[in-house]
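What TrEMBL records for 69-89, 109-127, 175-194, 214-233, 245-265, 290-310, 322-342, 362-382, 419-437, 443-466, 471-489, 501-519 is transmembrane segment. The domain 'K+ potassium transporter integral membrane' annotation in TrEMBL covers 78-540. According to TrEMBL, the domain 'K+ potassium transporter C-terminal' annotation covers 549-715.
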Amino acid sequence: MEYHHQSHSPPPSDDDVVVIQMNAAAIAAVDERSSTNEVDDAAAGKGGGLTRRTFSQAYKMKHRTPLEFTWRQVALLSFQSLGVVYGDLGTSPLYVFSSISLDDPGEADFVGVLSIILWTFTMICLVKYHVNFKGNMPVPVTHLASDINLKFHSKKRILTSKLLKFLEQSTKWQAVITYIVLAGTCMVLGDGALTPAISVLSAVQGIQSRSSSITQAHVVLLSVIILFILFFFQKHGTSKVSFTFSPIMILWFTFVAFIGLYNIIKHYPPILKAVSPHYIIIYFIRNKTAAWETLGAIVLCITGAEAMFADLGHFNKSSIQMAFSVIVYPSMILAYAGQAAFLVKNPSKLSTTFYSSTPEPLFWPMFIIATLAAIVASQALISASFSIIRQSIALGCFPRVTMKHTSGKHEGQVYSPEINYFLMVACILITVGFKGGPEIGQAFGVAVIFVMLFTTNLMTVVMLIIWESNIALASLFFVFFFSIEGIYMTSLMNKILQGGWVPFAITAFFLIITLSWTYGRSKKGEYELANVMEREEFIKTVTTSSRVPGICIFCTDMMNGIPPIVCHYVQHVASLRELMVFVTIRVLPVRTVLPEERFIIDKLEPVGVYRCIVQYGYMDNHNMEGDDYVASVIASLKEIAENDDEILVLDSALINGSTFVLGRTIIKMGTRHNCLKRFFINNLYRFLQKNFRSNMSSLKINPGKTLQVGMLYEI
């Protein structure tokens, strides 16, 4: 279908239409499918020149150029990322050593534990998450689409092509990958509820060492108060939060690094020999099963790494990498080495490692900074949770919730009140329920390692299909990291009944929602595709229906074709307005859309039927109240009017008023399907439809001019 792009539209008003949020992948797919039909002709019309373009061209013109940042901007984003991305990973020294349980540990044990920490931290946090595994050629190579058909072309591309073709043709493997993605997403949300609880509790517990009258109940109460304040301030946005938190994390990394260096020099300078991995072997030979069990605590040193690039929408890749390489990594190495050096001389202080290893004059400053840093630690997973839910909604995998953009500069900085309050309640319940016991650490470890395993599996698929990495490199990546994470997982499996069940419970809760919504949406899409009105049927329906004066604006999320609800509407109303406009809104990943890019319009058959796609940036307001919006639509339609008679019809329709028609569909699955599928559709999906936000919920429409048409989809 060919659309007309309005090049001389009036200045944008706040009176605008219905919203369909399209993710970049879907847009790219539309672009690719329509690339062979693109036209770029100039046509003359009333009111100025008109540019004739396809839908995909209109998108490509302004919105496909990636953002480029100066080094100053990258440095600023790196500073902000310390307060949002690295809070969780950076505060791990609060609880790693104190979570380890060993009988009569000695020097070899602490050196061995430190060696495991150093190598795990380096391989997972540095190598896995920051090294480029794309395997690109050192010289540029030009590929054509026809190259893949050459018999002796790159074997790597042939293998990639075969694997891609296999995945495209195998619905079972597509389902497996989808379930892995959804399960990993839901596990991160469970991680988001556990991170604030363990971080704040670990920081606040240090106050018990100052007075015997301070009990664990006091620690739990103080933690709950701090957590409530943290979640309350989320509504102010990532940018304001990060500018508050980043200076705190700078202080934190500075303090733990210098205290670590002090402990190394004072207590045991040879501790740095732990960089040799043979001390890991010695540790396991000495402690056997006990050493394997301690892996469940040691894995806490990489908590937060799993969410590093979940916050990519809030920052960018370069800023996250810069902050880690320059500040986070060296500070953490010094912190863990310093604690191990202290424990070599003071093994009895293992359960209170962090505060015991802090020099006495620095206790209170460190307590304040640690408490503030623990609050910051919670931010990484909270921000990641908002980002993940937003991406899931855009992909149609999660019901719509309120999603507020908190920054006009960075499109990915969002806040969801519903998700925020859910995490707050879950976090407080976990804190009060476990009362600061070791169960929280065990639950935390389970959540982290399973997210890591999901990431390894999915990243391997990305390396092969998207990046087209060498098969040997992708296989090595998978085997190496899956083996490391698998060993940690085996250590944590015996902790399921001791708190490890919590992340699985939270995951199950969100997984039921995502699976129900995804399955329901797919069935709805299949029905609409199978029952879309044919061109001849639509023309016959319009021409045989009685026409009454005025404008009927059908709000739809279909950009092509006529939705089946139109036929349902005509059957019950038995008449149509003299002017019909099918309106769809796209929200683009830009702050605002320029006036000349606002409308993409097209004529349909028969006379008096139009389609109008209205484009908005994520900070643009969508308001359909008043007559200004309808007038702006009519003004844009006049731009493509072919004669004066058509303009008179448009003016007449505007004078006679307008009606907005919104569709509401209910899906009902018949008895020919099994009971589980019927339960998902008839109960769970319908419940989600009724209780979550609809795609029209962000619009402001005059209730007196709105008609909602319901239709039952029987599948």
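Here the Cβ of each residue, glycine as well, is placed from N, Cα and C on the backbone.
In summary, the transmembrane segment (362-382) lies against the transmembrane segment (214-233): three or more C-beta pairs, each 6 or more positions apart in sequence, are under 8 Å. Fewer than three CB pairs closer than 8 A are found between the transmembrane segment (69-89) and the transmembrane segment (175-194), and contact between the two stretches is not assigned (pairs 6 or more residues apart). With a threshold of 8 Å between CB atoms, the same-chain residues lying at least 6 positions outside the transmembrane segment (109-127) that come near it are 89, 96-97, 100, 102, 271, 273-277, 279-280, 282-284, 286-287, 291, 294-295, 298-299, 301-302, 305, 308, 324, 329, 332-333, 336-337, 340, 343-344, 347, 452, 481, 484-485. Across the domain 'K+ potassium transporter C-terminal' (549-715), mean pLDDT in this model comes to 82.
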